[in-house]
Amino acid sequence: MSTLYVSPHPDAFPSLRALIAARYGEAGEGPGWGGAHPRICLQPPPTSRTPFPPPRLPALEQGPGGLWVWGATAVAQLLWPAGLGGPGGSRAAVLVQQWVSYADTELIPAACGATLPALGLRSSAQDPQAVLGALGRALSPLEEWLRLHTYLAGEAPTLADLAAVTALLLPFRYVLDPPARRIWNNVTRWFVTCVRQPEFRAVLGEVVLYSGARPLSHQPGPEAPALPKTAAQLKKEAKKREKLEKFQQKQKIQQQQPPPGEKKPKPEKREKRDPGVITYDLPTPPGEKKDVSGPMPDSYSPRYVEAAWYPWWEQQGFFKPEYGRPNVSAANPRGVFMMCIPPPNVTGSLHLGHALTNAIQDSLTRWHRMRGETTLWNPGCDHAGIATQVVVEKKLWREQGLSRHQLGREAFLQEVWKWKEEKGDRIYHQLKKLGSSLDWDRACFTMDPKLSAAVTEAFVRLHEEGIIYRSTRLVNWSCTLNSAISDIEVDKKELTGRTLLSVPGYKEKVEFGVLVSFAYKVQGSDSDEEVVVATTRIETMLGDVAVAVHPKDTRYQHLKGKNVIHPFLSRSLPIVFDEFVDMDFGTGAVKITPAHDQNDYEVGQRHGLEAISIMDSRGALINVPPPFLGLPRFEARKAVLVALKERGLFRGIEDNPMVVPLCNRSKDVVEPLLRPQWYVRCGEMAQAASAAVTRGDLRILPEAHQRTWHAWMDNIREWCISRQLWWGHRIPAYFVTVSDPAVPPGEDPDGRYWVSGRNEAEAREKAAKEFGVSPDKISLQQDEDVLDTWFSSGLFPLSILGWPNQSEDLSVFYPGTLLETGHDILFFWVARMVMLGLKLTGRLPFREVYLHAIVRDAHGRKMSKSLGNVIDPLDVIYGISLQGLHNQLLNSNLDPSEVEKAKEGQKADFPAGIPECGTDALRFGLCAYMSQGRDINLDVNRILGYRHFCNKLWNATKFALRGLGKGFVPSPTSQPGGHESLVDRWIRSRLTEAVRLSNQGFQAYDFPAVTTAQYSFWLYELCDVYLECLKPVLNGVDQVAAECARQTLYTCLDVGLRLLSPFMPFVTEELFQRLPRRMPQAPPSLCVTPYPEPSECSWKDPEAEAALELALSITRAVRSLRADYNLTRIRPDCFLEVADEATGALASAVSGYVQALASAGVVAVLALGAPAPQGCAVALASDRCSIHLQLQGLVDPARELGKLQAKRVEAQRQAQRLRERRAASGYPVKVPLEVQEADEAKLQQTEAELRKVDEAIALFQKML
C-alpha cells in the first residue's frame, strides 16, 4: 500500500498540489506506477524510514521498502501522469514543464514575499509597494498568456495549473482584494475556474477570495490554547497593526498603477479603446455583390465587414452541391462530402453550444468545398415533441387561459403549427448570421410530408418484422405532462439527506432524502413477530405484493413459506427469497412493489408476483382503499405515514442520500409506472452497430468514445418509442375491433389486435387477413399517441434524402461522409441513426462520427437559463449591454425567483455586458477552444481577443495593399522568381508549414492545431516579422528586390486568406475581394476558390529558417536589454560577437533584419577575437552569438551606479536576513516546511539578483 505524507497546514501549498494531483489520478487512469491509490497521512514520515534527511513534504512511499519520492513537483507527476499534458517533447508537455518551473521559481517566492509579512509570519524591511510590485511582475506573464487561454497548457487543467494555483492561494486568500483582482482580471478568471473544478474543491473546499478585511493574526493549523501575552508581545502586535495599516494604504495606491518600470499590457489598452461602429451604407439589393471599390475603413468593424456577403453567396448558389457541375450525379474525381446538421429544436433559439457545433461543421464543409469535392451540408429542424408542446401549452394558458384538452386536439395542433411558423425562422436566421454555408433549398422540418412519410414507412416495416411490438412495462412517467419520457429527458438530482423540493401541482414543498422504516406483522405468529422494511417512497407500500430477503440470510430462514399482513389491505404478502437483496443494508428485508420500481418488477417476474398499479396517469391513487383512494401521490405519502403511526407500525425515519429523477421539461418528479407502450427490439440491431465499429467500417473519433459505444450496445435495453402527446408523428398503428361473434374482443396489450399501415385502408386489409373476415367487419381506432422524437431524428440521414423513394440525392449522398455532434447524444441520436440505417437500408448512414466536447461556462458550470449563463451567439456577434441581458430573462419562461438568480449570475460574469466581437471572431475562437476532451469551459470575454486578431488582419492587408501599389500585377503563378531575399524565402517557408499544418489538422479534426498554425503565421510571422522587414525594402532603391518582395507579399495574402476562409468567411472574403487576381477567370468568391495544398506551396527552406531564427534570437536579446536600461525611445548600436566564421556570415546576412526588428542603430558583426567597444551591456542570443549593446553616451553611468549600489545594499541585507533566519536554532523543526522551501527559493532568487547587479556595476564603473 502506498502512502502520501502531507502537511496538515491548510495553506501548505506543496502538499495541496500533491493532494489535488491525487484526486485527478483517481478520476483518470490512476497513479503512474499502476498500483492502487495511496492512503493519506497528515504528518511527516518517520525519519528512520526515509532516504532523505530531514523529512520533506509532500512525500510518497510506494509500499514498504519501495521507491521514495519527495517534493511537490515529482510527487504530483507520479500521482497524475496524465497531467503532464502528453508525451515528452510535445507542445503541451513542454508548456506544462515551463509553467511548473515558473510557479516554483517565480510565483512561490513572490507570493510568499507579498503575503507572509502581511500575516505576521515574516518580518519585512521592504516597502510594501515594492513587495506588491514583485508580485505584479510575477503575475504579468500569466495575465498576458491567459488573455487568450483558458488554462496554462491546453483546454483542461494540467500539473501546470495545479502548481500555479496552489502557489497563488495565499495572495488570493489574504492579499489580492477586489481592486487588485480587477487589475489581474485574466489571472483571477483562471484561478476561480480552476478552484471550482471538482478535484480542486475536494481538497480546497470553497476558496474565499480576500475581501479587503485581513485578520490581524493568522492561525496556521489546528486551534491551540491561547497563552498569556507579555508586554513585549503586545507592543510588537501594536507595531504590526500600525505597519499593516500603512501597508494597506500603500497597497491601494499601488493597485491603481503598474509596478515601477513596467508598462501596462498592450491588450488592456486595446480593450479600453472604443472601436466605434462602422457600417456599410452603400445601397446593395439582397443577393447582389457588395461594392468594395471604395477605400478601406480605418479599422476593422464586424458590422461593416459582414454586411451583404451572405445573401450574395446564397444567391450565387455557392453552397449547393450542383455549383460548378451539371448535376450532383456528375462524376467528381475529388469525391463527395455529405453531412447533415443535427436538427436543432424548433422550440427556441440557438445557444453557444449550437454555435460550437455550427463553427466546426461549417469550417469542415467549407474546407471540403474549397478542395473541389461535391459538397452538401443539409439543414433541418426538429419538431421537438415534448419541448414544443410544453412551450405552446404555457403560451396558451398565459394568453387565453385554456388547456390543450379544453381546446381539443385538432385546434391545439393548429396553434402549434401557427407558433412554429412564427418562431421557426429564428433558428435559421441565427444560422445564417453565423455564416453557415448550408444548402437552404434542401432545408427540412421533421414534420414535413416527405419526412413524415419516411417515419411511417420505417414504423410499418419494423412492425411487420416484429421489431416494433406492443407491451406493458415500466416507463419513466411525467404526471404533469401525462406522458412517458425518455432517459435523456430525466435529470438526476442528488440529495445528501432530508430536502424539501417544489413539485408542480403542490402548494407545499415535498420531503425527499429520508428513509422511513415500518413493520409488517408475520401472519399466524404467536409472538407478534414482525419484519421491518424501509423505503424512500412510503406511499408505494399500498402497492406492495411481497417482502423479499436473501436466501442466505440466517435471520429469516424460519420464515420460508410464511406471509406478512398488509395493514391497510385485505391481502397477505408472501416472503420471497431472492439474491438481489443486500443482506447488509438495513434489516436485510425489502418491500416489493412491481408496478412502481424496476428492480421490484424484475423480482416480481422471477417469482410470479402480481403487479398492482396504484397511480393513474395524473399521479392520483387508484386500486387502494379509503381514505387513500383518489389522493395525489404526495398527499398520500403524508396520509400513509400518519396511518402507520396510528397503528403502531412506524419504526423510524432517518436521512438518506438519494437521487430524485426529475422531468427536465416539467420539473415534475418522475414515477415508474406500468403502461402499455410501443417498443423497439434493439438487441440484433445493436450487435450489428457494435460490429461495424469493431470492423472499422464506422470510425468514432476521438477513439476514447468507442469504449462507451460498445458498452451501450452490449447492454442495450428495449426502446420505448410511444409518447402520450399530441404534437408529433402520430403512431400509424390501429386497434382492431371485429364485428364477428367468433372473434373475441381484444385487450390493449395484446399485440395481435394491433395492425400498422401506411394508411387506414392498408391497415384494414391487414386486419381482415389476420382475423379471416371481410374488411367491412373491421373497425379501426388509430393510436392517440405519437412517436418519440428520437425515432424520427434517428431516420434523419435517410428521410432528408427522400427515402424510401430512390431519389437522385439518396443515390449520391447516402451513406454520408461524416456525422459531427456533441458526445452527450452518442447513444440517444448517433446510435439510433446507425441501428435504423443499417436495418432499413443495409448500409451505415455515415462512415465517420466526430464527437466534440460540451460547452460549459468559464467556471465549468453547465449552461442553464436559471444561472444566467446561456448566451445567444448573436449577443456575442453584435454585443449587448447588461440591461439587455436582463431584459431577455424577463421575456423568458423563468420563474421570478429564477430570474433574480440569473440576473446575479449575469452581473457577475458580464458586469459591462458582452462586447461586439463579430461572427468571424466567435467562430475562430470556438474552434480554437476545441480539444478532444469532454468539456470546454468557455469564457465569452476571451472571444474579444480574436476580434483584435481580425483587426490585425485588416491592418496588415491595408498596409500590404499600399505597399503593392495601384499598378501591381501578380505573377501568373505563386512560384518564386529566383531573386528572393532571405526573409522572402523565410516567410514562404513558414507559409508552407502553415499550409501543411492546416490540411493535416482538418484531416485529423484537430481544430486547435489549425487555428494555432494560422494565428501564428499571420500574427507572429507575417505581421511581427515579415512586414517589419519589408518596410525598408519597399522604400529602397533596389527595384528587383522590391518586386520580389511584393510578389511574395501578395502570395502570403492570397494563400493566407484562403487558409483562414473556412473559419473566418466574412473578413477573408472582404479582404480577398480587394486583392488583384492572378488570372481573370479566377473563381468569383473566396468560398469556392481552391484551398491551399502542400503540393502548391512547397517552399520549405531550412537554411532561411535557421538564419531568421538567429535574427529573432538576437532581436529578443536586444529588446530585453533595451527594456532593462529603459532605452525605449533610443536606437542603440549593437555589436555581435560570434564564435566562428559560419555564425559570423549568418549574422551579417541578417543584420539588416535585426536593425528593423529590434529598432537598433548600427548592427555590426565583430571580427573573430576582436574586443567589443567599451560601455556595452551583454546578453546571449545563442551558444554561438553574444550581443553587446552600446550604452556609452545613452545613460548616465554615475546615476545608474548610485541606483545599483542602493539596490545591492538592500539585496545583501535581504540575503543576510534569510541566511540568519535559516541558520537560527530550531528553524528546521519550528518553521513549516512550505515556508522553508519558500525561503530557500527566495534566497536563490536574491543571490541571482545580486550577481546581476554586480555585473551591471562592473559595466558602469568601466564607463566612468
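Backbone N, Cα and C atoms are what each Cβ position is placed from, and that goes for glycine too.
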Feature phosphoserine, as given in Swiss-Prot - residue among SER124, SER527, SER807, SER1095: SER527
Correct range for motif ''HIGH' region' (source Swiss-Prot, candidates 344-354, 421-431, 1213-1223): 344-354
757-761, 862-866, 997-1001 - the range that Swiss-Prot marks as motif ''KMSKS' region': 862-866
Selected residue, Swiss-Prot feature phosphoserine, from candidates SER299, SER437, SER892, SER981: SER437
In Swiss-Prot, the member of LYS645, LYS839 to which N6-acetyllysine is assigned: LYS645
Cβ neighbours of SER2 (N-acetylserine) where a neighbour is any other Cβ within 10 Å: 19
Least buried by Cβ count (within 10 Å) of the modified residues SER437, SER527: SER527
Whole-number Å value for how far SER527 (phosphoserine) lies from SER2 (N-acetylserine) (Cα to Cα): 54
Rounded distance in angstrom between the Cα atoms of LYS645 (N6-acetyllysine) and SER527 (phosphoserine): 21
LYS645 (N6-acetyllysine) CB neighbourhood, other CB atoms within 10 A: 11
DSSP three-state assignment for SER527 (phosphoserine): coil
Distance [Cα-Cα, Å, rounded] between SER527 (phosphoserine) and SER437 (phosphoserine): 80
